[in-house]
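So the structure is just underneath, and the comments pick up after that.
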Amino acid sequence: MADSERSEAFGTPDDTPLSSNDAAELEQLRREAAVLREQLESAVGPQGTARSARDVHQLEARIDSLAARNSKLMETLKEARQQLLALREEVDRLGQPPSGYGVLLSAHDDDTVDVFTSGRKMRLTCSPNIEISLLRKGQTVRLNEALTVVEAGTFESVGEISTLREVLADGHRALVVGHADEERIVWLAEPLVAEDLPDGFPDALNDDTKPRKLRPGDSLLVDTKAGYAFERIPKAEVEDLVLEEVPDVSYEDIGGLTRQIEQIRDAVELPFLHKELYREYALRPPKGVLLYGPPGCGKTLIAKAVANSLAKKMAEVRGDDSREAKSYFLNIKGPELLNKFVGETERHIRLIFQRAREKASEGTPVIVFFDEMDSIFRTRGTGVSSDVETTVVPQLLSEIDGVEGLENVIVIGASNREDMIDPAILRPGRLDVKIKIERPDAEAAQDIYSKYLTETLPVHADDLAEFEGERPACIKAMIEKVVDRMYAEIDDNRFLEVTYANGDKEVMYFKDFNSGAMIQNVVDRAKKNAIKSVLETGQPGLRIQHLLDSIVDEFAENEDLPNTTNPDDWARISGKKGERIVYIRTLVTGKSSSASRAIDTESNLGQYL
């Protein structure tokens with residue numbers, strides 16, 4: 001072994017200065033090591049040297065194994081230490097005393113607050129981490145075991161429902177009526193009285209709970225023990241009866257009613273779009289519109305189109321994007337208003353008009369649409385099993401032209417039994433405009449068919465070949481042929497024979513009872529027949545024959561449907577006026593081969609009423 005290696009083996013660097021004694025001692029140790037090494041080599045011989053090398057390798061391998069085990073043990077101990085720390089934290093957390101909660105009543109300048117907790121009103125201190133200026137009356141706060149406020153929460157979201165009777169003069173208290181008509185005074189939480197809430201609070205409030213002027217009759221969420229009202233709750237019964245939407249229906253979707261559409265646009269859109277002209281001429285806008293006529297002729301469709309068109313026109317006037325036009329169409333489910341409990345129907349009507357006034361106060365047009373108006377507001381005194389109309393009708397009248405005006409609100413009613421509606425509702429000043437939706441004639445029927453038979457529909461190749469592949473010409477010919485067949489005065493189209501009081505007789509055809517709904521049904525039948533034809537023959541496309549067959553099927557299905565007690569009703573339905581009808585006989589020949597049937601004693605109303 002070289003001297004430098006020996007020096008490194010004994011851990012003495014060459015550049016380290018040594019004293020004379022240390023140098024002598026080191027030199028002596030080197031000589032002894034050399035002697036011992038020579039003795040060892042002479043004792044073991046050549047074979048011993050090889051065995052010694054193997055032992056060294058084994059020892060090195062064992063050292064590596066022990067080092068790896070030691071590393072794993074170190075990692076295990078580290079993980080165990082971390083688990084012990086986590087368990088210690090969990091034990092400390094579980095050992096903490098319980099926290100209490102209370103409702104903040106008021107805050108003071110000396111950093112103390114009044115809190116209602118455990119049925120007591122207490123004055124408590126706040127943790128330095130709490131910013132007292134951000135605390136709001138009625139807010140939930142958390143207390144530690146020393147009854148110190150340590151955390152600010154949100155406003156209470158559960159509790160009892162009470163009805164607001166009135167807001168007191170100070171604006172911070174209210175008289176509410178709870179269960180069993182129990183009256184009490186409660187504080188109003190700041191979301192109910194604040195004009196501007198601080199950052200962080202509006203996020204917890206939806207559109208129905210944002211600050212607005214409270215009105216008598218509002219439902220409030222109340223904590224009777226703390227004496228606070230936290231939130232205004234939307235009335236579920238009104239939500240069930242009212243559908244707020246902007247219908248996706250335009251005037252272009254309606255066929256055959258050009259004159260009626262112009263009338264209702266003049267009655268509804270002009271007053272909203274040109275208010276200054278109405279004021280200049282001292283002209284009062286109409287308060288309501290009645291759409292009446294036979295069923296299936298588009299009364300409800302027109303009402304939806306009015307709401308859509310009015311919203312877009314108002315957006316254009318204001319310079320807003322018409323795609324984001326906003327309007328409210330309150331579609332009232334008429335018969336669901338009726339309730340067996342006395343006064344409930346009237347209350348629902350009040351709530352509906354209250355909702356309409358709230359929406360209209362924003363300057364947005366509101367349309368209140370009563371479908372099947374005759375089911376709710378029938379003539380007073382005509383009730384058989386009840387007299388509910390004697391109070392429901394006056395409630396509607398008081399809402400339309402009572403002390404409270406209806407600004408930006410218009411009422412639209414639809415009915416196919418206008419004779420059953422109370423006359424007081426129909427007088428001028430209430431439902432001013434009355435528009436009759438008549439049955440379509442041949443020209444109107446072509447317009448309606450054009451809404452359903454468009455150029456985008458697949459047409460059979462044979463039919464296209466007749467018009468040299470011109471799809472528009474083929475579609476136009478289809479419409480003309482199907483209208484000619486539907487409105488032809490031929491024997492196959494005869495429906496009823498009516499006898500008048502003077503003895504005269506008249507034949508009524510299916511065209512006298514046609515409607516937009518029937519036309520849509522004919523087209524739907526034809527499309528279904530075209531689909532079946534594709535499945536059977538593999539040849540796609542709609543054919544003229546499909547439409548003609550659908551007309552025959554539609555007429556044949558009506559053979560057993562017409563029935564009425566009063567023959568005069570048929571004259572009203574068909575639009576006939578004049579001589580009284582005393583006898584009716586059906587002339588339908590289709591599915592049944594039996595003789596024609598007289599109608600003068602049957603009791604049920606058919607689909608045409």
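Keep in mind that glycine also has a Cβ here, set from the backbone N, Cα and C atoms.
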Feature region 'Disordered' in Swiss-Prot, mapped to one of the ranges 1-24, 193-216, 313-336: 1-24
Additional residues surrounding ATP, by Cβ distance to the Gly296, Cys297, Gly298, Lys299, Thr300, Leu301 centre under 8 Å: Leu291, Gly293, Pro295, Ile302, Ala414, Ile437, Gly516, Ala517
Most Cβ neighbours inside 10 Å, all chains, among the binding-site residues Cys297, Leu301: Cys297
All-chain count of other Cβ atoms within 10 Å of Gly298 (ATP binding site): 25
For the coiled coil (19-96), mean pLDDT (0 to 100): 76
For Gly298 (ATP binding site), the three-state class that DSSP assigns: coil
